[in-house]
Every structure is written in C-alpha cells, then in structure tokens.
Amino acid sequence: MTDSSHDGVPAPRRILLVTGLSGAGKSSILRILEDLGYEVIDNPPLGMMDEIVTRAEQPVAIGVDSRTRGFDAAAVLAALGRLRVNPDLQAELIYATAEESVLLRRYTATRRRHPLAMRGTVKEGIEAEIELTARLRAAADMVIDTSDLPPPELRQVVEMRFAPRHDRMAEGLTVALMSFAFPAGLPREADMVFDARFLRNPYYDPDLSVRNGLDQAVADYVASDPDYPRFLDQIDGMLGLVLPRFVREGKKYATIAIGCSGGRHRSVTLVEALARRLAAKNLAEPGGTCDSPGKPAHIEKGAAPTDVQSGGADAQGAWPIIVMHRELARQGRSSWRWASRPREHAADVVEGQYSS
C-alpha cells in the first residue's frame, strides 16, 4: 500500500513515529493507522528501528514512549533524522498529549498504573513524562491534543492526514492551513508555502510580544500593515486557482503553510483570517458546514478573532478545512481544530476510552 505517484515515480513510503504522554491516545492512534493499512510496531527497542523500516514493504507506524527499551528523546530524534535523509521515505513525528487534569481523570477511571509512577503518584509520573518527552513535542510534525477530542474525531483527523490517497475518507479535497516558524524548518508535508516575514512584526511591541495571533490585539496590529490586505487577497486568489486543480488531479489532502520568524504572530493571524474566508465560502455552498469562529471545534488555549471577511463562493468548493498552528501546538498554547467540518463522517465509530 503506497500513496499514488506522479509521472510513474513512486511516492515516498510513509514512516510515522507516534509518541506522547501515557493515556493521551497513542495506542488509539496506532490502531487507527493499522486500520488504514500501516504496519504497526509498538515499543520496539530503539536500536531495531532502522532494521524494522528496512524490512517493511508498506507504510510503517512505530509507537515510541517512556516504556520503550532504551528510551531517550535524543535517540528518538537521531533515529528520525536518519530516516528523513532517505529520499524514498517520508518520516514524520506525531505527538499525542492531553491536559494533566484529563490524564489524571483517565488514570483514575481505568485504575491503571502510570509507567513512570512505580513508586510515586500518578501526578508525579505525568509530570516526569512531560519533562522526559518535551524535546519530542517541540520537534513534532503534528501535535494531537485529545483533551476535548472524542474518539470519532480523533479517527477522522488521523484518517484525513495519514490515509493513502485512494483511501481518504473524504470524497473531495481536505484543506489544512498551517502556521509555522521558518527557523524551525519548512513543514515537510506542505504543498504551498507563503512567507509573511515582510509584514509588521508584533514581536517588537512589548505589550504584544508575549501574545500570539489568536489574540485580537495581535491580529489587529498585523492587519494594520498596509500590504496585509493585498497579501491576504492574493493568497486567497491563488488558492481559488490552485485548489480546484488539485481536485482534478485527484489530490485528497492539501497543506497550505504560512510562515514567519517565530510562528506565533503574523503567520497565525494570516492562517486564521484565511480560514475564516474559506469557511465563509463553504457556508455559501449548498450543504456547506462551518464551525463558529468564536467556538472552534477543538482548541487548547486562546480563541480566534471573530471578524469575518468573505469573498465569493464561486471559485472554490465546500471543503473540510483544518487549522493547525505548529509552533503554538509545540508550546502547548493551541492544537488543531476544524474551521469547516466534513459534511458527514465516513467512519461509523463508537466513542470510548482513549488508550495510551
């Protein structure tokens, strides 16, 4: 099982390293990936990772956490780095997390022992694991916060992001809008990248530096740049041209990335504004669905500004839209959310407990 290729060139084989906090849903993510056709290996010795990938003939999902023999964040990142230099592989790191209070509640409900709390409390084990895996969260390609995320929606976002092209649950195109920081590297999955570093930078305003683009004051500051409206219009116009062509090519998932210096102010503001535009166009389509900008489907901290700018709906279809802020997620300030939900769920999933 591989993703479809272009011009006869095989697509890189996907290798997913799934890590995170115990009780946050890592095992649930691995089960979903197994249903999608991935070869799943949970907690192999780190020294065997290269051999596992070499022998596998299909996409691989490898679970790695504090229970893994020889676990060390630096060793995991080194293994990931070795995989990424191989042009025949597309290696990505997924980090599952949840708020401490949620993890405590889950452990209380299941009466399971935390792997790092053999001689202490569950709370102490959670805190130790957060510290132990901090470098992995900071380097993750995708941080999934399951605090308020029902299992059916977890399945939905994993399927939309990681299913092979021919097996994606959405019939049409799913659009992911991502903010990121250029110094942290370009998002490997990005189909289009826009550079917002020429806009006014709130970082140099002491009152705004500690905030982010989800804050209305920061969004207003960025939007006050005289070139901001034109830049946003041109990105919107470019997507109006390109996204329908992606659909014609059979592409099922498109990642549009906007970057700035720190990934917290200008890029976040633009992604939020673009998400509102696309969601507003979805509402104009028959059967379109949109989450309220003031009530995101899932966001850890902060709320998107609520002004809505809408363009015409004739250039683009009513597509599911996911918003992800990579740097904010790595810092625990935000997670992914729907800006516009799929019209219907393709998977009939029963809600249940998360597995670590």
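Backbone N, Cα and C define each Cβ position, glycine as well.
Keep in mind it's a predicted model, so treat the numbers as computed, not measured.
Pulled from Swiss-Prot, these are the features on record:
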{"type": "BINDING", "residues": "GLY20, LEU21, SER22, GLY23, ALA24, GLY25, LYS26, SER27", "note": "ATP binding site"}
{"type": "BINDING", "residues": "ASP65, SER66, ARG67, THR68", "note": "GTP binding site"}
{"type": "REGION", "residues": "285-313", "note": "region 'Disordered'"}
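Here the binding-site residues are SER22, SER27, and the one whose Cβ sees the fewest other Cβ atoms within 10 Å is SER27. Cβ-based crowding with a 10 Å cutoff singles out LYS26 as the top-ranked of the binding-site residues LYS26, ARG67. Packing around ASP65 (GTP binding site) is summarised by its Cβ count: 24 other Cβ atoms lie within 10 angstroms of its Cβ, all protein chains included. The binding-site residues listed here (SER66, ARG67, THR68) include no residue with a Cα within 10 A of the Cα of LYS26 (ATP binding site). Using a 10 Å Cα-Cα cut-off around SER66 (GTP binding site), the binding-site residues GLY20, LEU21, GLY23, ALA24, SER27 reduce to GLY20, LEU21. Sequence-distant neighbours of THR68 (GTP binding site) (same chain, 6+ residues apart, CB-CB distance under 8 A): ASN43, PRO44, PRO45, LEU46.
Reduced to three states, the DSSP call for LYS26 (ATP binding site) is helix. When secondary structure is read from DSSP and collapsed to three states, THR68 (GTP binding site) falls in the coil class. Taking CA atoms as the reference points, ASP65 (GTP binding site) and GLY23 (ATP binding site) are 11 Å apart. Take the mean position of the Cβ atoms of ASP65, SER66, ARG67, THR68, the recorded GTP site; other residues of that chain with a Cβ within 8 Å of it are SER22, ASN43, VAL64, PHE71, PRO115.
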